[in-house]
Amino acid sequence: MKPYQRQFIEFALSKQVLKFGEFTLKSGRKSPYFFNAGLFNTGRDLALLGRFYAEALVDSGIEFDLLFGPAYKGIPIATTTAVALAEHHDLDLPYCFNRKEAKNHGEGGNLVGSALQGRVMLVDDVITAGTAIRESMEIIQANGATLAGVLISLDRQERGRSEISAIQEVERDYNCKVISIITLKDLIAYLEEKPEMAEHLAAVKAYREEFGV
C-alpha cells in the first residue's frame, strides 16, 4: 500500500465516508463496511479528493487526453481531479461531463466543457452494477472518442450476480483498465496495521471469503 492510499483511507474514515459495522447493501448483502463518497461534501473535502484521484491517475501510467465525469456524481470528481492534475502535477488537461437532460437552448446538446474527443479517462465514485459506465460508453462512442480507462475511489473486489465483479465485467466488455485509489485488499492491509480494529478485520476477511473475486 502506497502512502497516498493509506492517507485516503484515513481521510475517508475521518469524514465517515468509510464505516465499519454491519450494513445492508442495495443488493441485500450484509456487508461489514460501507463507503458513501457523497459525504465528501465541503470545499476542502473536494480539494483533497481531487489530489487523491490525480495521484492514482499519475501512478497508473495510463495515457489519456481528457477527463470525463458522468452525471451526476462524476461531475465534481472530474472537475476537482482536473484542478489537482494542473496544480500538483503540471498536467493541464481538458474535462467534460454530460447532463442527464438535453438542453434545447444556449449551449447545445447534453455535454458541458471541452469537446469529447481522443482518449477519455472516465472518473466516478464507485462501480456497483456498471450501469453508469455503460451509459457513458454510448456517449463516448457517439462522439468518436475512445475509452482509455476508468478511475474510481474504491474497488470492493466482490462478485456481482455472476462469478466476476462488475468491474471485471466492465474491463471485459470495453477492453479497458479500471483503476481505483484503494481496493478491498488495501482496506484489509490497513486493518492489519491496527490491532484495535481486529474485530472489523475478521469480519471483512470473512466477507471477502464469501463474496470476493
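For all residues, glycine too, the Cβ spot is worked out from N, Cα and C.
Record check: Swiss-Prot places F34, F35, R156 at the orotate site, and the matching candidate among T79, T128, T131, T146 is T128.
DSSP assigns T131 (5-phospho-alpha-D-ribose 1-diphosphate binding site) to a helix. In three-state terms derived from DSSP, K73 (5-phospho-alpha-D-ribose 1-diphosphate binding site) belongs to neither a helical nor a strand segment and is classed as coil. Within 8 A of the CB centroid of the orotate site residues F34, F35, T128, R156, the other residues of that chain are L25, S31, Y33, N36, V126, L154.
Ranked by how many other Cβ atoms sit within 10 Å of their Cβ, the binding-site residues K26, K73 place K26 at the bottom. Maximum C-alpha to C-alpha distance over the listed orotate-binding residues F34, F35, T128, R156 is 13 Å.
In this view, the densest Cβ surroundings among the binding-site residues T128, T131 belong to T128, judged by other Cβ atoms lying within 10 Å.
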